[in-house]
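Right, one structure below, let's go through it.
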Ligand SMILES: NC(=O)C1=CN([C@@H]2O[C@H](COP(=O)(O)OP(=O)(O)OC[C@H]3O[C@@H](n4cnc5c(N)ncnc54)[C@H](O)[C@@H]3O)[C@@H](O)[C@H]2O)[C@@H](O)CC1
Ligand SMILES: [K+]
């Protein structure tokens, strides 16, 4: 899987320092970043007058480079710089700029506003003067572009440090993705995202974006067992189990077996249903992954079935009702295990495992470490945390996914990817992308049944 890295401010600074140590000066990096960003501004502006708002740091420095690049191409451009540059690179970039330079944004009009007031160095909310100027300029320009990050956004969290920040048509990330590019609420205001490479190397321990996976075509001598037998443990509510099974059947595994005595109505012919005792059916050594939770119920029988599913020792996906029933001590050390909670289930799990941490990401990490499970905390802002500290962020998926049953589909896809041989973290990353892609292919207003059927198309898109 070729996942892009997502860096914290500290990691980005270390990456830039590594470039500098390898012989590229800050000024050269700023030229590469600024000219790359100017290319996008030029395309979006398409000849319309541009106003660049420049702050005191290197984000402002990028603004001077962008403005000078556009000016040299003959575009109408002006800079508003309420604060003089503080860094050497920004001072040099300002010296090299030969165009119109204003210290106040009062009465300034134009069509395209380029926000280079603050980037990843923003340390506190914008002052009253700066936020008023930004809002005012934003109102008087029809198109807004943010360079690296919209001013007022906290890079590492995606939190908005000021109220009523403007929204943007385009955000041009410099060097690497930052958390704010993919985390809510910041992501919502950024418009389209583009990344300008500046030669940043892979950073050890960096979070990754769960991008499009590389799904292999089955080997020419493949058969159903080499492609993995996925056992879905059923329970009192066969509909949810059926949805998960339908999705699993289309996500790459060779064989999906539903272990239940609660028979669904009209199951597909390709789904094998085994009604024998769970203890016996889970003893099949060919089982490559187990899914437990969708449609399990929460009664005594559900408890027993969950315990048996875990005790069989196979790689396991735990979802839905099973997450509410799960207690510390039930899990076996070092068993490959993926939990896929939505917000309510995530809170229940955190309570059960006595997790207290300042935010959702920290909770996911702590829960992963304490429980030994990979945690796929799903929702509009999905993230995946592994016990060894790996973290993946899901790119946005269509909000049409907000219907009943889509979580069962996600769990089915993840179990299928685990049956196909993926370890839980990779299976989770693949599953969130495939789930989002299936939703994109469904278009608007689909049902979870439609989504499960669309998983084949998502796999086709990832071959
Ligand atoms: N360092 C580098 O090598 C590169 C940096 N780049 C750019 O540099 C940016 C980061 O540069 P900086 O670290 O200088 O950060 P910023 O340009 O975001 O500005 C930080 C400066 O503003 C001050 N500041 C922070 N919050 C403030 C607030 N609310 N009100 C008033 N002043 C405030 C800080 O004390 C600091 O002086 C990136 O976002 C990117 O645009 C790019 O040019 C690529 C290369
Ligand atoms: K900015």
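Note: Cβ is positioned from N, Cα and C throughout, glycine not excepted.
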Identity of the K(+)-site residue among 21, 27, 115 (reference: 59, 151, source: TrEMBL): 115
Same-site AMP binder from 344, 405, 407, 412, given that TrEMBL records 378, 379, 380, 381, 382: 407
Protein Cβ atoms within 10 Å of residue 151 (K(+) binding site), excluding its own: 24
Other residues, Cβ within 8 Å of 378, 379, 380, 381, 382, 407 Cβ centroid (AMP site): 342, 343, 377, 394
DSSP three-state assignment (helix, strand or coil) for residue 378 (AMP binding site): coil
Entries of 59, 379, 380, 382 (binding-site residues) sitting next to ligand 1, with Cβ under 6 Å as the cut-off: 59
Cα separation, residue 342 ((6S)-NADPHX binding site) to residue 378 (AMP binding site) (Å, whole number): 5
Secondary structure at residue 120 ((6S)-NADPHX binding site), reduced by DSSP to three states: coil
Reduced DSSP assignment, residue 148 ((6S)-NADPHX binding site): coil
Distance check against residue 342 ((6S)-NADPHX binding site) for the binding-site residues 59, 115, 151, keeping those with Cα within 10 Å: none
